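Scroll down for the structure; my scribbles are underneath it.
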């Protein structure tokens with residue numbers, strides 16, 4: 001009930017201003033008696049994934065809490081993990097405003113944020129300050145002004161700084177809003193990046209005495225051949241996991257709606273079937289060797305189960321969480337326990 005009231009107010013506001021207000025409110029009320037307005041307690045359903053035991057299979061996708069300011073608040077809602085970021089080595093403002101658009105009739109969102117964040121050092125401070133014990137994945141990327149050919153260096157910088165404080169690290173090479181970024185999904189650039197990250201992981205595991213798994217986040221806008229090549233590279237480089245998928249450049253399911261022609265990545269309900277199809281193809285190619293987090297368009301518990309049936313072991317929500325509220329977390333966990 002509280003969320004529906006808050007949502008009604010927020011949906012009257014500019015989307016990005018509403019987002020900032022939500023983050024500020026959550027940050028201010030976490031670990032106080034006021035968190036009773038959104039905290040949820042329900043029977044958990046532990047999942048073993050990439051060698052880590054998660055309390056349940058439902059995570060918050062990257063992009064909601066870019067700077068890790070609300071880890072404790074989101075943990076109180078019942079998320080099994082929170083993926084913060086995307087974070088870059090240096091702070092950057094992102095793309096020009098406006099850059100976030102609701103398509104309410106389709107339960108969808110278009111964004112062209114452009115990795116706006118306060119930088120990796122700020123994120124590390126927030127990771128250290130979190131009190132809840134939440135399992136946090138850190139989604140890392142490259143700065144906009146770093147040439148694609150040198151992008152690997154940005155990922156290695158971020159990885160080294162967040163490693164000690166992460167449950168896992170997600171490598172984002174699939175956002176459509178950073179020029180040239182998606183080219184890292186192909187050929188020698190991909191192999192070089194994955195190989196370098198695995199070598200760095202080995203060094204950091206020895207340094208810190210802990211093994212932090214790394215997962216690759218891919219786009220939905222890939223051909224079957226491209227998915228096969230990515231899967232082959234993941235297996236050859238012994239990556240720990242995959243996250244499928246990021247937002248799409250497609251406008252299927254939203255054509256004609258207000259804001260549908262805005263540039264950027266589309267998320268929400270219209271992405272669901274495309275994302276699930278990519279998960280199925282990727283799972284078939286990986287042959288059970290590498291586990292998958294399924295994300296993209298989950299709006300109901302049934303949507304989440306479809307992704308698990310397609311080959312994912314865990315799921316993440318973002319747009320569906322905005323439209324449905326925290327109850328979606330509990331709904332998915334209960335459906336997972338009952339299957």
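Quick reminder: no glycine exception, Cβ is built from N, Cα and C everywhere.
When the candidates 43, 86, 88 are compared with the FMN site entry in Swiss-Prot, which names 62, 63, 64, 65, 66, 139, 172, 217, 245, 268, 297, 318, 319, the shared residue is 86. Taking Cα separation as the measure, residue 246 (substrate binding site) is nearest to 217 of the binding-site residues 64, 66, 217, 268. Residue environment of residue 64 (FMN binding site) contains 21 other Cβ atoms, counted within 10 Å of its Cβ in all protein chains. Listed in sequence order, the residues of the same chain lying 6 or more apart from residue 318 (FMN binding site) and placing their CB within less than 8 Å of its CB are 60, 61, 62, 63, 64, 267, 295. Note: the CA-CA distance between residue 217 (FMN binding site) and residue 172 (substrate binding site) rounds to 5 Å. Between residue 175 (active site, nucleophile) and residue 66 (FMN binding site), the C-alpha separation comes to 14 Å. Checking each of the binding-site residues 112, 114, 172 against residue 268 (FMN binding site) by C-alpha distance, the shortest gap belongs to 112. Of all the binding-site residues listed here (112, 114, 172), 172 has the Cα closest to the Cα of residue 139 (FMN binding site).
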